[in-house]
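Feature annotations, reproduced from TrEMBL:
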DOMAIN    40-428  domain 'Catalase core'
BINDING   Arg84, Arg124, Phe173, Arg370, Tyr374, Arg381  heme binding site
ACT_SITE  His87  active site
ACT_SITE  Asn160  active site
REGION    419-447  region 'Disordered'
COMPBIAS  427-447  compositional bias 'Basic and acidic residues'
Amino acid sequence: MARKISKPASDLANVHDQQLHRGNGGELHQFAGDGYDVLTTAQGGPVDDDQNTLRVGARGPVIIEDFHFREKIFHFDHERIPERVVHARGYGAHGYFETYESFAHYTKADFLQRAGEKTPAFVRFSTVAGSKGSFDLARDVRGFAVKIYTNEGNWDLVGNNIPVFFIQDAIKFPDIIHAVKPEPDRAFPQAQSAHDNFWDFISLTPESMHMIMWVMSDRAIPRSFRFMEGFGVHTFRLVNAKEESTFVKFHWKPKLGLQSVVWNEAVKINGADPDFHRRDLWQAIQSGNFPEWELGVQLFDEDFADSFDFDVLDPTKIIPEETLPVQPIGRLVLDRMPDNFFAETEQVAFMTQNVPPGIGFSNDPLLQGRNFSYLDTQLKRLGSTNFTHLPINAPKCPFHHFQQDGHMAMSNPSGRVNYQPNSWGEGPRESPDSGYRHFPSEEAGQKVRLRPESFADHYSQARQFFISQTPPEQRHIAMALTFELSKVETPAIRERMVSHLLNIDETLANKVATALGISEMPKAADAAVQPRQDLEPSPALSIIENGPNRFEGRKLGMLVTDGSEAALVQAVASAIKDAKGVVEYIAPKVGGVTLSDGKFLAARQMIDGGPSVLYDSVALLPGTDFVPDLLKVATVRDFVADAFAHCKFIGYAAAARPLFEKAGVAELDEGTIELSNSETVDAFVGVLGKLRVWAREPATKLR
Ligand code: HDD
């Protein structure tokens, strides 16, 4: 069907002629006559030539009459919109929310009344600090913003993968964000908190300490969006048909369990695949492995709130799950990628104030401030009050209002009536019965700028988080703090941070101080509330305690060459498939390899492009004759050395043993498993659900 207009390269005169007329270097061109749509201008006018501007003679000046060129460049020049001031880098997907059972006892929200009801949803995951083009594996909070298109308007639960926040009052938001973003005089570092401004602000803001424990933990370097929790953070309200109110905290729990990477891996993934998280979500959804989360609620009343150790309005505090269990009420499934990233993921506008009847707010001062900020920012970003006309933002239920005109108004009512009351018998009317009613809580007091005393304990829950972690996770927190503070150039800031750590955990403070080379321990920071409460550990706070115990949804990288043992390759591949994992083949050439049985195996990556950091586990199954060649290659050495240092399970064929030696792995351990037959393959794949051999880690680190 396609018509080739390029001429043989040897026919120089013809090529020249063609370049004059079509300006192409000899590449293929297809025309509308070949069955394609006619290319038009934005006005719908057909275009005859999209390769050359209109000019006076072949070598003369371009003329302004060229309306097609003018329109094309005009539009291109205006393609960008401002990126989000925070959470600029994000990735979204469509799906649905399914209600498990009627939740009418607690809320009148219509979409939660009937078991099995499915409501369309859109989710955008994000990092906070980096620009739109930054890398995915920054050490950062992840945004977890969910829009549920209910039949009573959109509900936006604009959460994070961490259940607490840095600050208690929205008035401090510009400060914390300025501090973490690139410093204004030098415009670096990008997408990193490891710099003086951030730690200066934090070390002067004790209320951040609980959040700091979370962001220095593995939570801030998730392996995949699919393997992280989400939290609504604030206390919200549910209101039922009898106008009874219950407080609620929202949780999203991933079906595939929690998983993070290690920091050295994160740094290398950012180089090898800056789109690691995007690609992961894309590949999962495109291959039909739809990620899923349960929506859980912690429900409580005023009495609980009054008796709880902390103020439920304080967004720097959690209610431990062991104190108040999380009850699942529905599930969220992501099953479709957007057709167009800009139209949907970039233009989606989340707003905390989008709530249907039956869901309301508490007086959390951070939430109240957010309810102002999110509407405001959409105008800046999307350029018009009519951003709700964009399909991704428009409700999917009927809507009728008298808001009109403005830039780019796209859904415009017809008729005379654009106000009410009116006597024309037309147009929508308010509904006292079904309309949104704000919960009539009793409020009284003086106008003051005052933080409640009940918000003043900044260290007890920070400690609780720390002592709830397993030893490897505690080690990672110490290493993360050390790394971040090692990038801080001002010694006084480093010491000020250590003085806070002393109030959280002395061993942690000592470790970090020693690792930073602080010779004289500072004194502990003054704490507003003393003594710190000694809270019980909460196992629900550990990622490792809540790991998947299965390899489902994870990826094994298999290193193969010509001559790889076909039976072994197939045995590993089929065992991984049975475990609902994915195998990616890495070969000397991306063209693939010929296995020992003469069969061809296509590769996904060549060795230089597929480092082991991209995989949850690796198998080294090279053909014996190829091993001497592999030993010469630095990236093969890194492949093995990194997989070992990052505590991954490594399956290997006997022929691969010299690769360990070359990678500096002197002693193999229980996480390196020789594969020779189906039993050893089953044993290997059987342990992969543990994901890491943490016992190996201390030996791979500087003490
Ligand atoms: Fe925010 C975006 C989450 C506090 C002001 N925020 C934004 C997004 C998420 C969060 C996930 C990205 C939404 C998307 O994908 O488009 N923000 C949070 C959480 C917070 C929080 C969990 C604390 C519990 N935010 C917060 C405060 C303010 C803002 C205190 C301002 C007073 N946030 C914004 C914003 C953004 C935003 C400036 C930028 C882009 C946007 O809203 O649409 O309005």
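A Cβ is built for glycine as well, from the same backbone N, Cα and C atoms used for every other residue.
Structure coloured by features recorded in TrEMBL.
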{"residue": "Arg84", "record": "heme binding site", "Cβ neighbours (10 Å)": "22"}
{"residue": "His87", "record": "active site", "Cβ neighbours (10 Å)": "23"}
{"residue": "Arg124", "record": "heme binding site", "Cβ neighbours (10 Å)": "24"}
{"residue": "Asn160", "record": "active site", "Cβ neighbours (10 Å)": "24"}
{"residue": "Phe173", "record": "heme binding site", "Cβ neighbours (10 Å)": "18"}
{"residue": "Arg370", "record": "heme binding site", "Cβ neighbours (10 Å)": "21"}
{"residue": "Tyr374", "record": "heme binding site", "Cβ neighbours (10 Å)": "17"}
{"residue": "Arg381", "record": "heme binding site", "Cβ neighbours (10 Å)": "17"}
Six or more residues out from either end of the region 'Disordered' (419-447), which same-chain residues have a Cβ under 8 Å from its Cβ atoms?
152, 237, 239, 243, 245, 355-357, 360, 363, 400-402
Could you pull the average pLDDT for the domain 'Catalase core' (40-428)?
98
Three-state composition of the region 'Disordered' (419-447), taking helix and strand from DSSP:
0 helix, 0 strand, 29 coil
Need one number for the heme-binding residues Arg84, Arg124, Phe173, Arg370, Tyr374, Arg381: the maximum pairwise CA distance in Å, whole number please.
21
Please classify the secondary structure at Arg84 (heme binding site) using three-state DSSP.
coil
Give the distance between the Cα atoms of Phe173 (heme binding site) and His87 (active site), rounded to the nearest whole Å.
13
In whole Å, how far does the CA atom of Arg370 (heme binding site) lie from that of Asn160 (active site)?
14
Helix, strand or coil for Phe173 (heme binding site)? Use DSSP.
helix
Which whole-number value in Å describes the distance between the Cα atoms of His87 (active site) and Tyr374 (heme binding site)?
12
For Asn160 (active site) and Arg84 (heme binding site), what Cα-Cα distance in Å is obtained after rounding to a whole number?
16
Secondary structure of Arg124 (heme binding site) (DSSP, helix/strand/coil):
strand
